[in-house]
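Straight from TrEMBL, the features:
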- 82, 83, 84, 85, 86, 87, 88, 89, 90, 91, 92: ATP binding site (BINDING)
- 53-135: domain 'GHMP kinase N-terminal' (DOMAIN)
- 205-259: domain 'GHMP kinase C-terminal' (DOMAIN)
């Protein structure tokens, strides 16, 4: 039996649309086993328990590449990553499935080769790269290959995920984006994403406040998240240095410059007053990425 752990991820991080991501210590645990025949998926909702399951589809990509034909496959899923909340649940399934299949078939592919496959399945590298390698990553795709750099986030910063009980699908979040953007907005983001990376690495609180802003996607996507503007403004008033939509939403991520127990307490009270059910999770950066347990 093969056991795999994959971290959650928060992507975009304000101006870093489709290229920046950070792995977090919230995990999806997967078990894989080759069996005599068929496909058995355990502890999974019925609608995902067939050959269309994203984990299994990802496994098939590896099996096809290395020409390995398993007799049958058993998959057991235990995930703390909520689905369609902007915390990389699909990236975790893809990365976990690829790594599990690679182990079953003899470990013939490198993690970099698996990353290229993951990007092909996911369509963008911002979640799958930190899920595979951990830490904060900046990544791009060129000629079907992912090029990335891996960085450490200053220990000064703390991440608080504000997670609602409603979903926002990636497809829906992408459908509300405009077909074209203007140069002014592009320049706004380009300048800030460069500074944002520097701020997160060096613990520069003032620079983080200025740089973690966006004009390419958040203004369009925030309307899919109930009370977004109110939550963001109140979170900033309570001491958050940066507040942004995690991935495509619906989770909102707040970053503080210290272990802010008061913010956690005050935000919990605030979230309870809203019409939707929200929870708050204090998270740390995961630097391991996917691991075989």
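Any Cβ shown, glycine's included, is placed from N, Cα and C.
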DSSP-derived structure type at residue 92 (ATP binding site), helix or strand or else coil: helix
Additional residues around ATP, ordered along the sequence, whose Cβ is within 8 Å of the centroid of 82, 83, 84, 85, 86, 87, 88, 89, 90, 91, 92: 8, 81, 247
Averaged pLDDT, computed only over the residues in the domain 'GHMP kinase C-terminal' (205-259): 94
Intrachain C-beta neighbours of residue 82 (ATP binding site), sequence separation six or more, cut-off 8 angstroms: 89, 163, 251
Residue among binding-site residues 84, 90 with least C-beta crowding, 10 angstrom cut-off: 84
